[in-house]
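My questions will all concern the structure given below.
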Amino acid sequence: MRYSLEDHHRQEVAAACLFLATKTEECGRKLRDVAKVLCAKTVNMSVAEIPDDYKDLEQYQNAILLTEEVLLEALCFDFVVDSPHAELVDLFDVRQDTAELEECAWSIANDTARTPLCVLFPARIIAAACYILAQHVIEGPQSPSLDVRIASPAPSASLPTPPSHKVVPPEASRFAIEHFGFNEVDLVSIAAPAEVLNIILEFYAAQDLQAATHLGPVASVCTIGCAPSIDPLTVTVTDTSSTGVHVKGETVHLV
C-alpha cells in the first residue's frame, strides 16, 4: 500500500515517522516534544523559542497523530526491521576480534542510519560492508584494499590431491565474505561503484573533517575501483645529458 507525498506535508511525515519509531524501538518521546521540533522547523525558529503554550502547538500535535495513522496503514502494522547490528553481533560471536575493531564496525553501522542504505540493501550486506571497512581502517592503509577484501575468489583449477575434508578457515581479510556465504550476485552488489561501501565512504567524505578529526582515517580510505594517487617518481643523477628528463636541482622528475 502506497500513499503520495503530495497528499501530506513532508515535515509532518518526517515527524510522524520519528514519533512512531520512538514507540516501536521503545525509546519513547512525548508527543509535545516532537511537535515542538516540527513547529520550530516549520516556522524557522529554535526549539527553545517555542513555549509550551504556543498557540499552534496543538495543531502540530494533531497533524502528527493523523499522519501516524496513515503510516500505520501504509506499513500494514509491520514494524519488523532487520538491523545490520544484529548481523554484526553474530559475526563477532564467530570471530573474536579486538575491541577496537568491533567498536569501529559498530560505529560505522550506526552512521549508516544517516544514509539510505537501510532501504536499499539487506542488513547482512550492510553489516559485511561495515565490518570490511572497519577491518581496513584498523589494519591501516598498507593492509589489503577494499577491492581485494570483496573480490570473488577464482575457482580452483584442480581438486586437491589427496582430497581434504578439513574445513579451511577463511582468510582474515575476507572473513566477512566467507562468513555470510555471499554468492556472485551478492559480491557484485557490494562492489558496484555506487553501492554499499562507496555510499558509506561518500558519506564520510562529505563530513566536516576539521571539526570531526576522528573521522579522518575512514574518510581517507579510497573508494572501490579508484586507484590511489602516486607521487612523481624522483631520482638523483649526476649526468643528465642524455636522460631526456627535466632537472630541478639534484632531484629529477621523470616524465
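Positions of Cβ are set from backbone N, Cα and C atoms, glycine also.
I grabbed these lines from TrEMBL:
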type	residues	note
DOMAIN	4-78	domain 'Cyclin N-terminal'
If you average per-residue pLDDT over the domain 'Cyclin N-terminal' (4-78), what number do you get?
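Mean model confidence (pLDDT) across the domain 'Cyclin N-terminal' (4-78) is 90.
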Can you break down the domain 'Cyclin N-terminal' (4-78) into helix, strand and coil residue counts using DSSP?
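DSSP composition of the domain 'Cyclin N-terminal' (4-78): 53 helix, 0 strand, 22 coil.
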